[in-house]
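Here is what TrEMBL records for this protein:
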type: DOMAIN; residues: 42-297; note: domain 'G-protein coupled receptors family 1 profile'
type: TRANSMEM; residues: 27-49; note: transmembrane segment
type: TRANSMEM; residues: 61-83; note: transmembrane segment
type: TRANSMEM; residues: 103-121; note: transmembrane segment
type: TRANSMEM; residues: 141-159; note: transmembrane segment
type: TRANSMEM; residues: 205-227; note: transmembrane segment
type: TRANSMEM; residues: 239-260; note: transmembrane segment
type: TRANSMEM; residues: 280-299; note: transmembrane segment
Amino acid sequence: MEKPNQTSPLVGFVLLGLSAHPKLEKMFFVLILLMYLVILLGNGVLILVTILDSRLHTPMYFFLENLSFLDICYTTSSVPLILDSFLTPQKTISFSACAVQMFLSFSMAGTECVLLSMMAFDRYVAICNPLRYPIVMSKAVYVPMAAGSWAIGGVASLVHTSLVIQLPFCGANIINHFTCEILAVLKLACADISISVISMEVTNVIFLGVPVLFISVSYVFIIATILRIPSSEGKKKAFSTCSAHLTVVIIFYGTLFFMYGKPKSKDSQGADKEDLADKLIPLFYGVVIPMLNPIIYSLRNNDVKAAVRNLVSQKCFRR
C-alpha cells in the first residue's frame, strides 16, 4: 500500500462531522434545520420591524438590527455545510471554500464580540447619562461604532485566515469537525504553527477579555445607577431596557469561555466524549445562540412586541 505523498499540497479537506455517531445524524439534521429556519424568521422579522417602525429608529435598535443581520450571515456561512454533512457520509470541501468559510465564521464571531460591547456602552449612556444621550449617541457616533465592529472583526479574521492558508498542508486532510473551524484546520498543518497559535491567544484576549471587562464595568455603573432610583417602578423600567442585552452577553460569552477554557481529558474514554463535546459546543454557539437572540429581545422588550403587533395588524388590515 502506497504511503500518501507528504510533500504534495492538498486541494481539499474531508469534514467528518458526526460520521462516528451515525445514529445522531438524522436527529441533528432535523433539529438544526428547524433552528436555522427559526433564525432566519426571527432575525428577519427583527430587522424588518426596526426598519419599518419609526419608533425603533434609535441607537439601541440600530445595534440590534446589526446583531440580527450578523446572526443570519454567521449561520448561513456554516449551517448549510453542516446540514449537508449529515446527508453525505464524507463531505469534501475545496481548500479555497474552506478558507472562505473559515474567514466568514471567524469574522462574524469577532464582530459580535465587539458589537455586544458597543451595545453595553449604549445602555450605559442611556441609563447613567440620559440627558446627554441624544448628543453622545448621535447618528454620527453610533453608525461608525457599528461599522467599526464589522471592520475590526473582518481585519482580525483576515489576519488569521491569511496565516492559516500560508501553511503547508500535506498528508492527512480529515477535519474532525462540521466546518472548517480554524483550530481544527491548524492541527493538519505539517509545519510550525506557533505563530498562528500565539496570534489566536492574543486575539482571544482582545475579543474575549477586553469586551467582557468593558461590559462588566459598564454594568457596574448601570446597576449602581438603577439602585439609586427611588421608585421600584423606575428601577424595573430601567433594568428592563438592558436585561435582554445582559442575558445575551451571559449566554454568548459563557459559551465561548467554556469552549476555549475547558480542560482537556487525558484518558481515552474521556477523550471520545470530549471529541463529541468539542463538536457540539461550537454547534450550540453557532446555531442556538443566534436563534435565542431574537427570542430574548422579543420576549423582554415591549417596544419590539408592539412593533411586531403593529406590523401584523397592518398586514391583516390591508388584506
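Placement of Cβ uses the backbone N, Cα and C atoms for every residue, glycine included.
Remark: the transmembrane segment (61-83) contacts the transmembrane segment (280-299), by the rule of 3 or more CB pairs under 8 A.
Segment contact holds for the transmembrane segment (205-227) and the transmembrane segment (103-121), given three or more CB pairs below 8 angstroms at sequence separation of 6 or more. Residues of the same chain lying 6 or more positions beyond the ends of the transmembrane segment (280-299) and with a Cβ under 8 Å from any Cβ of it are 32, 35-36, 38-39, 42-43, 45-46, 64, 67-68, 71-72, 74-75, 78-79, 82, 105, 177-178, 181, 244, 247-248, 251-252, 255-256, 258-259, 305, 308. Cβ atoms under 8 Å from those of the transmembrane segment (239-260) belong to residues 60, 112, 116, 119-120, 123, 126-127, 204, 208, 211-212, 215, 219, 222, 226, 281-282, 284-285, 289, 292-293, 296-297, 300-302 of the same chain, restricted to positions at least 6 beyond its ends. Distant neighbours of the transmembrane segment (141-159): 59, 62-63, 66, 103-104, 106-115, 118, 121-122, 199, 203, 206-207; these residues of the same chain sit at least 6 beyond its ends, with a Cβ under 8 Å from one of its Cβ atoms. On the 0 to 100 pLDDT scale, the domain 'G-protein coupled receptors family 1 profile' (42-297) averages 84 in the predicted structure.
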